[in-house]
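A.B. asks: Per TrEMBL, the feature transmembrane segment maps to 137-162, 174-196, 203-226, 246-267, 303-325, 354-379, 400-421, 427-449, 470-489, 501-520.
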């Protein structure tokens with residue numbers, strides 16, 4: 001590698017490189033004034049998470065088996081049971097390659113900026129600044145979109161359950177917006193004042209994540225009717241208007257959504273609204289790295305083992321659900337197929353509601369963790385000078401970047417107002433999440449591959465794949481590129497305004513924004529990443545290992 005300036009501990013003498021004036025200011029705001037003894041400890045975030053807590057945080061964050069249950073309608077119209085039964089195997093293999101690649105980079109630099117920091121560390125020196133700038137904005141917009149999708153999904157689940165149990169209730173779009181407002185406000189306040197509880201809340205949610213799966217499997221296995229293996233593994237179905245090949249690949253996105261921040265529109269009957277069920281990508285835990293003890297070991301392990309564990313859980317759910325789903329036609333008629341499947345299995349709407357309410361609890365915990373993760377990304381992007389420096393402030397009393405907590409929350413609240421006039425307008429922005437995160441993964445892994453071919457390569461961390469690294473990275477790139485193509489396709493034909501997939505146009509718009517802002521600010525006035533902050537963060541992680 002040609003430039004190792006971001007590797008913090010070379011030489012072991014602790015020498016601080018010359019830093020631009022605005023970067024010194026950012027150090028002071030985000031980490032205290034390093035020239036005064038002890039001040040850095042007062043302003044930097046506390047390392048609250050141990051390995052078990054960050055693992056359960058990440059495990060719940062991904063919520064892979066829940067995604068398969070809630071997005072079943074997508075694959076029933078595109079590909080059918082076969083696409084889900086075999087597609088989940090392909091997706092788990094691809095997600096393992098992606099997560100292993102990101103875990104290697106997290107072991108090198110466990111830092112809140114994640115993808116854009118790794119890109120800066122590994123990219124060619126001549127293009128490093130520009131690629132980092134684009135990567136940072138793509139990742140940030142993708143995570144804002146992800147938070148919007150999580151909030152909308154959780155709110156619509158609440159509204160949907162109310163509709164099922166109270167036939168006289170007439171859901172309105174403004175109801176959905178108010179639910180989002182209330183939920184985001186409460187969970188943002190929790191992130192501000194009781195953040196020390198979040199590791200424990202997410203740990204309990206992770207335990208519920210596993211226990212709830214056992215409940216679903218037992219109920220389905222003991223009470224539900226049975227399908228044949230031919231139905232599960234060989235039955236194809238396409239009622240979306242697409243021919244077999246595109247339908248199968250679009251159906252493949254259902255298991256994909258369980259292993260990345262991704263969206264699926266779920267139309268709630270009589271609600272005249274749409275929800276986006278998001279499963280946050282495995283990079284969610286990486287953005288919490290600066291609050292994890294022994295981060296160089298704990299974070300990469302949690303990323304990879306989360307995907308392995310969720311892959312096993314998701315496959316168990318998929319196979320059991322397909323064998324016991326009852327009438328596929330009845331499930332397709334339902335706006336929430338999992339409720340209909342549970343009703344057929346238990347013979348009771350109330351029992352089905354109780355089971356699905358467990359999924360709502362998981363969704364609320366994902367929303368809580370989403371605010372934490374996107375706030376740390378916002379904070380990191382601000383202290384590196386892309387967002388206004390004001391958002392890099394850490395409250396000394398609570399050791400939380402409170403301004404960075406509220407920025408994404410307020411942005412999502414403003415966007416949620418679009419739901420009142422048109423759910424399609426809100427859904428257009430939410431569609432950015434999946435494709436944006438996949439592109440951010442592709443850029444980071446491509447930089448890792450580039451680094452492997454350099455004479456002076458950046459040293460790998462303790463968690464690495466050794467000689468398997470390059471083939472795994474290449475497979476991850478191929479898988480990521482293939483899925484990204486299909487993420488831009490609409491799920492049904494003919495395409496209308498409400499059924500249009502706006503992922504590609506919105507992604508193009510955000511990319512153009514980042515490019516335009518590069519010429520306005522980034523090319524001449526942006527100093528690049530704050531190297532002193534990187535040194536302090538990595539050095540702090542090293543101290544945790546001693």
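Going from the start of the chain as shown, residues are counted 1 onward.
From the backbone N, Cα and C atoms, a Cβ is placed for every residue, glycine too.
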A.B. asks: Please work out which recorded stretch in 137-162, 354-379, 427-449, 501-520 has the most C-beta pairs separated by under 8 angstroms from the transmembrane segment (400-421)?
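C.D. replies: Answer is 354-379, with the largest number of Cβ pairs below 8 Å.
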A.B. asks: Give the nonlocal contacts of the transmembrane segment (501-520) in its own chain as ranges (CB under 8 Å, at least six residues past its ends).
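C.D. replies: Contacts of the transmembrane segment (501-520) (Cβ under 8 Å, skipping residues fewer than 6 from its ends): 130, 133-134, 137-138, 141, 145, 427-429, 431-432, 434-436, 439, 487-491.
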A.B. asks: Counting Cβ pairs under 8 Å that sit 6 or more residues apart, are there three or more between the transmembrane segment (203-226) and the transmembrane segment (354-379)?
C.D. replies: yes
A.B. asks: Answer with yes or no whether the transmembrane segment (427-449) touches the transmembrane segment (174-196) by the criterion of at least three Cβ pairs under 8 A, sequence separation 6 or more.
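C.D. replies: Counting Cβ pairs under 8 Å (6 or more apart in sequence), the transmembrane segment (174-196) does not reach the transmembrane segment (427-449), since there are fewer than 3.
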